[in-house]
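Since the structure comes first, as structure tokens, the remarks are kept for the end.
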Amino acid sequence: MAAATQVLPDGYVPNEKGTHADFIKPIEQSLNDDRHYRLIRLKNDLEVMLIQDPTVDKSAAALDVHVGHLSDPKNLQGLAHFLEHLLFMGTAKYPKENEYSEFLAQHSGMSNAFTGLDNTNYYFEVGHAHLQGALDRFSQFFISPAFSENCKDRELRAVDSEHKKNLQSDSWRLFQLEKNLSSPDHPYHQFGTGNLETLEEAPGREGIDVRDELIKFHSKYYSANIMKLVILGREPLDQLTQWAIEMFSDIRNLGIQPPANTNPPWTAKELLKTTYVKPVKDVRSLEIKFPFPDQYPYYTIHPARYITHAIGHEGSGSILSLLKKKGWANNLAAGTSHGGIGFEFYKITVDLTKEGLAHYEDVTLIIFQYIEMLRREGVRPYIWDEITSLAATSFRFKEKSPASGYVSRLAGVMQRGYAPEWVLSGSYLIRGSDPKTVMEGLNALRIDTWKSHLVTQDISVVPGGAFTQTEKWYGTEYHVENVSPGLLEKLRNLELDPALHLPGPNAFIPENFETNKVPTETPLTNPILIKHTPQTRIWHKKDDVFWVPKVNMYFQLKSPLSYSSPSNNVKTQLYVSLLKDALTEYSYDADLAGLSYSLDTTVEGMILSVEGYNDKAHVLLQKVVEKMKTLEIDPERFHLIQDQMDRMYKNFKLEAPHQHAMYYMSYLTQEKLWTQEEKLAELKDLTPADIQAFYPALLARLHIEGLVHGNMAAADALKAGTIIEEGLAPKSLVPSELLSQRSHLLPENCKAVYKRDVPDPNNVNSGLEYYLQIENAASKVSRARIQIMAQIINEPCFNQLRTKEQLGYLVFSGVRKQTGATGLRFILQSERDPVHLESRVESFLETRMKTYLEEMKPEEYEKQVNSLIQRKLEKDKNLRTETYRYWGQIVSGYYDFDELQDEVEEMRRTTLEMMREFFQTSILPSARKAKKLSVHIQSQKVPAIATPPAPKEGEAPVQKQEPAKLREGTIMVDDVVGFKAGLELSRAPYPVVDLLRYSKL
């Protein structure tokens, strides 16, 4: 514990009770934030932010420790991550290994954690009435963790499985390669995830006891004075303070400094290099990276924002604008990337075209020309004022977010060294102007202190025509060369390109923030139908909950043409992509100013949305609609977008096996779904003329249905609908064309399996989706029961299949909801084959869950149901979540705005006995009514047969398991079309009530 003579930072005064110190300066918070905050410092120097929100449904807490995998010992890489895993497995006070997860599951809760470079973050959320119990269990992880020997081996395998999940992920591979190519003397060089090699096999060869080393690591670094705690609840701040004191004051204070390394991760040896990297997916990118000053100490100015605003701009005169005109790039991103205490990186990433790949040195040159132009122009006040104004507006109208994510982020921000009174605002606001500091940041982007990664599968651009090296942990192939003398000479004699210039003033910056607030005790619970014609339906709800000057406008443009064939689907996608590409320069300013649009394809047609500050929303909508009607297809951009889509369709094969399992389950159960192969076959022969001819026909016949929700009156909502009606001028659809797609219904006693190989021959993982379909999804009884069943099964499933059996890092159970059908699904990704995974799912249901339900006490059942009900009745956190809820009902075709309340009432009527019967008749794999379909995605790498561990003294030897078999009567689906042809279809969605019930017409 800290000594009695505790030295307090500025702003803290000892509390009269002597239990802690209070921070007495006012904490700056958003004008839109009605929560109450208190910052205290416990006697052990743990800083705690307490937040009272009387309206919160979920309470939450997070603890951030200022140590991450940069502190791993060289001979135990991944130790910090392993500690994060094992910490949750029981404590001296609560020795049961799943006590914490079980408690949270019973009370609408969840938890998670992550290990970063220089921090480890633990967080949970729970039903608001159960914060005290959750905090007590949570705090013990930092006071008396068990580090159980029994759990150690299982969690080692969980870490290893997590690593293997990422083996074929390009983002993980590139991150580790960047680290691998940094200075060997810097811990950034190391492998942070860890695996069996680093945490079991190599230590075993050296006689190292990993559990002992883990305890030493915890004892060395898990000190209260480098931790930050955030607690959010309904309780008064005095009560939250008391709980913090009682439960967290016993965390040891070692009086240490956060571990830091003063050496730079990149020295002269690592700079001025180009690394040619072979990706798993067919991607082409150039990433230019600079060592950069740690930006956290400059948080009052945020100087890098000015640099990023200019370099990352997409409007006229920008790097991207010039590169697109030359046909060399599709996208560009720029910004800082925090490394650890004292070091940071600045990265500029360009998504290249084929032509851009051949000109990657010219692309590099243009980037440096722009940086030099920025230097010569200096810091322009109008740009600085815009950035400052937008930051202030963003903070002023900041909305709430889910509790666990909020406390987790805030605990991390508290580690940044901001003045305590600015811990809420420091990440947002810019205070004053400091051109000198901006220029210092800009001067860090030097022609002699950079390196680049050129990512491509095309070896023709690789010197010597081969990737000559292989990264150890992920197997990434690469080749390193010095930056060419020719490019360096051009950089030393830079000539500015006249096409490059600073962005102009932003016309989309909002000016009117009036919300005409009229507080109401009973907000509307559904939108109002304000227009209802054969052509158009417009729904509207003036925001009466959040009172922010924002609006969400969503419009479904239903077209029977868009998904009528694979060819038409591809043409629609090309049209949408070309439209967005053509609008990039115009819409980027709006995006910067907090107003954005999107246009996306669906099986029903397209969805057009405009979201953000309402002040100029109609202006953006008008421009988008005009461009939709008048788009001229640029042949050069067409071929570049066509190439992007070609690679996107092909790259789908390289997605994770569990994603393939989910995709093919949708393919088997949806009435119509065109496969990536079918779309790819149509794409290659299309021409610019095809799209120019197609899209007028696409827009010629539409049904328009919109929702306008937020700070907008009904008259302005109607105006938005009119912009689309008059701008596109379509003809109406006939009523039967408005019917949505349906789902296939499985017959009773169905036991079907569809098997495919993992397309990526190098992926060690297999995937499974195991689906038990239930009757009519329109039935409140069915929907309530399947959700209760999913709630009861969730924690035991994870505990059994992931924690105990270690089948894989990715284990999920929950509800699969489709049009006209619903059901229970299990999704697993594992090195074990799918037949084994299916057998373990069925064994879990037949034994563990059967017994669990039979032995469940009524009070335990009530806890589970109440936990589910509480989660369903959670209040919307912000305007967008409320919009999503209404929009989900509109596009579903059911318009059941009372669905939540109806389902909750049905759940309250559902008894434990009803659920036991439901399980016996519809969920048990052996049940007569059970309707099972599973998708097996089998790895092409034969899984190694694990050798059973040698028995410990006094134990019987472990018997070798026989290979798993599928249940008797299982049919293998060989002909998908034939299988689907033999299935009945569900009812099409139809409004549950007359829509005029919601009308004020």
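Cβ from N, Cα, C; glycine included.
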Region 'Disordered' per TrEMBL - which of 25-44, 865-884, 945-964: 945-964
Counts of helix, strand and coil residues, the domain 'Coenzyme PQQ synthesis protein F-like C-terminal lobe' (789-887), according to DSSP: 62 helix, 19 strand, 18 coil
Mean predicted confidence [pLDDT] for the domain 'Coenzyme PQQ synthesis protein F-like C-terminal lobe' (789-887): 96
DSSP helix/strand/coil residue counts for the domain 'Peptidase M16 N-terminal' (48-184): 60 helix, 29 strand, 48 coil
